[in-house]
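Notes follow the structure.
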Amino acid sequence: MKNIAILCSGGDVSGMNAALKRFVEYAFDQGLTPFFVENGYEGLIDNKISKADYSDVAGIISIGGTKIRTSRSERFKEISYRQIALENLRGHGIDGLIVLGGDGSFKGMQKLSDECNDIGFIGIPSTIDNDIAGTQYCLGVDTALNAIRVAIDSIRDTASSFGRAFVIEVMGRECGYLALVSALTSGAEMCLIPEVPYNLEVYKEEFLEEKEQGRTYFIAVVSEALKNTEQIVRWFEEEIDIESRMTVLGHIQRGGIPTVHDRLMAFHFVTSAIDALREGTKSKVVCYDDGMFICKDIKDVAFKKYMIDEDLLALGREFESPQHKQV
């Protein structure tokens, strides 16, 4: 093992630059030559591969996004383009490639691995959705949760001042993790996610009772997976008789200064990935499991459905409980 490369694929997350910094510094520390692949799998096809140096990662640890850029590649789905990508890696003498991304990126990595036996591939879960099976944490999640927290705290100020209901839509793709954790930690009165069935009649009874007792505003957090945010806004106005507003947080959840936790997790993920490559590991994903960083088969990560921890879901079910009273 002499030369290793790294790329970012799919949606960007805060913490990727911290991962790049650790990649360069730890590679040199282990006597390896680090390479950057710009623009994800697209860059792999277009041979945008170059040696990396300390100067390339100076000052980037506190910056969100990724210095080497990312992409979603349609061309990469075709074997002819993947063969070009492999030849480009071989042309630079690359022995191992680290891929930061989600399940789609890992499926692409699996295809590369199946089509060659002379290059090692290791994935690092990187998505704010936190929806990757086999790992309890994905890079970027903590920064995203803190961005959502700041937004909801600010919205609560105006909601309480005007006496309104605010329905806040958060990202997560098909997973309700972001919405659930954000609702719990921001004191929301309603949380709607695909993993927990809900009954609006139960909420109606509780909210009308709270209005009679003097409550003047409500905060609802809704997962984008449900695709019903506008419907919930209308429900508040028609059933609860309160002026309502919708806020779609959108891509502010992806950017921003990485938290200390994401920076530290980036260092751990990359260290484990490089160590795995040096040991001859191929076609694996570094997963965080009960405080440990473990390499797991791609098929156990990219091809399985992520399930939110049952203890966390139990807290989510309490939102419809009459005992669930938030301040």
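Including glycine, each Cβ sits where the backbone N, Cα and C put it.
DSSP gives Asp103 (ATP binding site) a helix state. Annotation comment: Swiss-Prot describes Gly11, Arg72, Ser73, Gly102, Asp103, Gly104, Ser105 as ATP binding site.
Among the features that Swiss-Prot reports, Mg(2+) binding site is placed at Asp103. Neighbours of Asp103 (ATP binding site), defined as other CB atoms within 10 A of its CB across all chains, total 24.
Within the same chain, the residues at least 6 positions away from Met171 (substrate binding site) whose Cβ sits under 8 Å from its Cβ are Ile128, Asp129, Ala144, Leu178, Glu224, Leu249, Gly250, Gln253, Arg254, listed in sequence order. Feature annotation from Swiss-Prot assigns substrate binding site to Thr127, Ile128, Asp129, Arg164, Met171, Gly172, Arg173, Glu224, Arg245, His251, Ile252, Gln253, Arg254; the stated evidence is sequence analysis.
Look at Swiss-Prot and you will find Asp129 tagged as active site, proton acceptor.
Marked as ADP binding site by Swiss-Prot: Arg156, Gly187, Ala188, Glu189.
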Per-residue Cβ crowding (10 Å cut-off), top of binding-site residues Ala188, Ile252: Ala188
Assigned element (helix, strand, coil) containing Met171 (substrate binding site), judged by DSSP: coil
Between Ile252 (substrate binding site) and Glu189 (ADP binding site): CA-CA distance (Å): 23
Distance from Ile252 (substrate binding site) back to Arg72 (ATP binding site), taken between C-alpha atoms, in Å: 19
Neighbour-count leader, CB within 10 A, binding-site residues: Gly11, Gly102: Gly102
Where Arg156 (ADP binding site) falls in three-state DSSP terms: helix
Integer Cα-Cα distance in angstrom, Ser73 (ATP binding site) to Arg156 (ADP binding site): 40
